[in-house]
Amino acid sequence: MTATTAAATRATVPLNRAALALLVPVGPLAVAVLRAVLPYSTTDGSAELAAKASAHQGAQGAVLWLGLIALLTLVPGTIAIGLQAARRSPRLGTAGLVLAVAGFSSLYAVGISDHVALSAARSGLASADTARLLDDLQGLPPVAVGSVLFVAGHILGVVLLGIALWRSRVVPAWAGVALVASQPLHAVFAVALPNATLDGLAWGLTAVGFAAAAPAVVRGTDGSAR
């Protein structure tokens with residue numbers, strides 16, 4: 001009985017790691033699709049957000065589902081690859097892990113407006129009233145602080161994780177470059193030069209970098225990418 005249990009445990013551990021590895025790229029991939037289908041721009045004010053969410057309720061509904069997938073998968077996926085980075089590059093890896101997890105854990109703060117905007121549109125609330133509600137919502141201290149933490153944490157955290165994974169050869173150089181560049185590019189195409197397609201592709205680079213790090217989750221502490 002003991003031998004059978006031990007054998008089952010040995011067989012289960014790699015399966016659990018494989019399942020976690022498959023989860024790793026799901027979060028950033030969900031955000032990539034979300035950013036591509038988002039019916040409004042990040043730079044839009046509350047009035048524009050309310051009007052566009054009301055005019056494109058199907059796309060806005062998809063945003064909510066994709067946001068839920070991201071919320072459920074970004075943190076465990078980041079922890080999985082972040083632990084690999086922290087083991088091999090303690091300072092950079094740990095800093096990147098802490099910042100990225102703090103940032104992704106604050107996703108609720110930027111996503112809550114999407115829920116309110118769609119709910120208001122479906123209940124028949126006038127766009128002007130929805131805009132005032134969104135302005136008040138975004139001014140709440142927990143939402144404002146969470147929004148700043150999300151933006152700063154996920155951008156800086158992913159950059160540091162990319163550097164740590166690259167330097168410690170957990171991922172190939174091309175994947176490290178993709179991961180390091182992805183979130184600064186997201187910031188450019190979300191705010192400086194708004195472009196939904198390019199923003200989605202920037203998050204796609206994050207998904208590619210996460211996917212490249214996923215095999216290290218299966219390997220555990222053994223081996224590195226060359």
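Quick reminder: no glycine exception, Cβ is built from N, Cα and C everywhere.
According to TrEMBL, the protein has these features:
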TRANSMEM  20-42  transmembrane segment
TRANSMEM  62-83  transmembrane segment
TRANSMEM  95-113  transmembrane segment
TRANSMEM  143-166  transmembrane segment
TRANSMEM  173-194  transmembrane segment
TRANSMEM  200-218  transmembrane segment
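The stretches the transmembrane segment (200-218) and the transmembrane segment (95-113) do not meet in space: the count of Cβ pairs below 8 angstroms, excluding pairs fewer than 6 apart in sequence, stays at fewer than three.
Against the transmembrane segment (20-42), stretch 173-194 shows more Cβ pairs under 8 Å than any other of 95-113, 143-166, 173-194. Taking Cβ pairs closer than 8 Å, the transmembrane segment (95-113) reaches residues 27, 46, 49, 64, 67, 70-71, 74-75, 78-79, 82-83, 85-86, 134, 137-138, 142-147, 149-164 in its own chain, all 6 or more past its ends.
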